[in-house]
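Chemist: Just dropping this structure here.
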């Protein structure tokens, strides 16, 4: 007889070899879907597509040798009475066959591995090549110590060993040849390197300047006003990359300073292991109870019945242990949700102005609501994936001890097949669900745009257009949803088929053993109960994997937002701005949103303390940009801005912005009361201070005319108030803030002439003793300014007082003055 069928020690070594192989393949699958390489100068595949075919055929050949081995054993066992090889041999053959089938499927899966020999050999170097080398040693030992075959059965076994040895040596030779050729070939030639560099430069230019991406014009409303994304697809990430991304947020999930919550987490983990123990004791107790009942004893086994009921009462997520764990986990989950949600909002608010200019509010808000999904992801990994793996592992060990290694093999193969099918189908479903989620976000964003711009929609009578646009987005979402639901039902059918087939084999084998006296009826009950009990974690694994994928998809956008970095950041240990006088100096300041189109060029001026500086000029000339860079929404490209000889880039953003009061051209208010909106400038202000600020802004009497007075709600973005009322509320906020520097961006542009005079007087009082920079559309409002800067195409073309500029013949300011004067005279005439 050949050595392998008489030597359990060699079979044990085979199991060790098999473990190395399975562990390596598992590591490979964990890291799959990574890019083949990020090196732009990587060598080309010198073998082309041929090594893929050679490797695949080699793996198939190895698998077929084990098929021949198993078939040979079965035929010999049927021919020879009362003969069967040792169990370890059967298990080794089946597991090795399963191993090489997994390798073959993974190699053939284009998504699991790159499609070139270079990447295949790199990816499998740690998993398959080690198995090749070890297998060569084992096969050599088997062949050397095998006796001379005396019959066909032994000859076939020996031939299989020789075939595997030849295939392993052949595969190793291919790899060594590949390695030698790889090191002798030259890198990419100069032209290829140059083209690669140019391509990388273009890609970097696009990524750094998103505005260079062209807008696509389409008749479809789904592309209305959208940019084509050039970012990396989330599906290109591996599981390791996903866990690495999530790990950056784990500190916010762990209650670092709350020891009571930490103790509750410890109790939850203890309950988790207690639940696993009960999962063993419950079916075992049912088997014991069945054994006693089948003995036809006149004594009722009360203790066994009560013990079984207790186990059932404790078992499962609906049992006492599961319910207690869920109850104790509630405050931990709420802590994590609050930490993630507040962290997300804080991060978005800390992002620079350019992010908020390019964002879609609906999409960002949707992403921020997914903080619970991130919390769910962490909870699933710790308290759901762990228990499932423990239950399956404990079941295999228990079956091996209680019954037979064949039952362990059944559970193992069932688990592998079930998990593999679940992962593959779910991976296919993931892309469909990702499209569904993205289409839902798009429909939500369209709906949000229509509601947020309600007045514009009504002004242009665009109700039908918006309904059609939203309906088109909903149709796309429903189409993707149908695909997701179909794939879900298909997955359920396949999972049910795998479990039912495995259960049938286990029941038949157990029935055989009970029939011939190897096991008792109680053992059959234990097996059947435990197998049915295993269906729950297996089914739950499918649901869990889908839920895990869903959580990942739902939080992808949130993680992308967390990965966004502000372009304007404080220097480490930056001091607070100390405003003593309020002197503002712009020194050779240049700035551009897009490097191809400068907005400001060599801006120089000094705003003396207590003086009013007026900025006038054509729209788009850069006036508002001056205010933005003074508030440091953007950093200047060159030059510097100082306040009292302190560069604003060297101080904290909070101290800078708290020293500046702003009255914007288009004031936006929170959907709250008037009192809240005015008090927003100074949360510690008393009602008397608020009333005084409102009186100074000429809005107090108007507020008192509202039904609810200061408690009147202003509506979304202040739509319940007129433009003049909103502007006066903004002025009241600036007055209440009492800043050292005032920025007025056409603050009276939305007011009538009478109110403008009143507000102008209030603004003059506000600016008294403070540095004020005013953007003026109506030149009549800045005639008393201490310095007027006339800006055109990002440059200061004229400076002076009103009297000085009005006397300059051909000057830009004089032209604007007379144009407005003539327009006003013409309007009064008509």
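Glycine is treated like the rest: Cβ placed from N, Cα and C.
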Chemist: Which one, 593, 676, is listed by Swiss-Prot in the same ATP site as 617, 618, 619, 620, 621, 622, 623, 624, 625, 626, 627, 628?
Modeler: 593
Chemist: If I go by Swiss-Prot, the feature transmembrane segment sits on one of 304-324, 325-345, 346-366. Which?
Modeler: 304-324
Chemist: Look through 150, 650 and state which residue has the annotation N-linked glycosylation site in Swiss-Prot.
Modeler: 150
Chemist: In Swiss-Prot, one of 156-176, 177-197 is tagged transmembrane segment. Which stretch would that be?
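Modeler: Based on what Swiss-Prot states, transmembrane segment spans 156-176.
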Chemist: Please report the number of other Cβ atoms within 10 Å of the Cβ of residue 493 (glutathione binding site).
Modeler: 8
Chemist: Please name which of the recorded positions listed here, 350, 431, 433, 493, is nearest in space to residue 628 (ATP binding site), Cα against Cα.
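Modeler: Checked the recorded positions 350, 431, 433, 493; minimum Cα distance to residue 628 (ATP binding site) goes to 350.
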Chemist: Looking only at C-alpha atoms, tell me how far residue 618 (ATP binding site) is from residue 350 (N-linked glycosylation site), rounded to the nearest Å.
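Modeler: About 32 Å separates the two Cα atoms.
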Chemist: Among 263-283, 304-324, 381-401, 403-423, which stretch has the highest count of C-beta pairs below 8 Å with the transmembrane segment (88-108)?
Modeler: 403-423
Chemist: Cα-Cα, whole number of Å: residue 350 (N-linked glycosylation site) versus residue 593 (ATP binding site)?
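Modeler: Each residue's Cα considered, residue 350 (N-linked glycosylation site) and residue 593 (ATP binding site) end up 19 Å apart.
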Chemist: Could you tell me which of these recorded positions, 350, 495, 624, has the greatest number of Cβ atoms within 10 Å of its own Cβ?
Modeler: 495
Chemist: Go through the chain and flag residues at least 6 beyond the ends of the transmembrane segment (403-423) whose CB is under 8 A from any CB in it; none is fine as an answer.
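Modeler: Contacts with the transmembrane segment (403-423): 87-88, 90-91, 94-95, 98, 102, 105, 392, 395-397, 491, 494-495, 498-499, 502, 505-506, 509-510, 513, 519, 523, 527, 534, 538, 541-542, 545.
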Chemist: List the Cα distance (Å, whole number) between residue 620 (ATP binding site) and residue 429 (glutathione binding site).
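Modeler: About 49 Å separates the two Cα atoms.
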Chemist: I'd like to know which of the binding-site residues 429, 628 has the most other Cβ atoms within 10 Å of its Cβ.
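Modeler: The most densely surrounded of these binding-site residues is 429.
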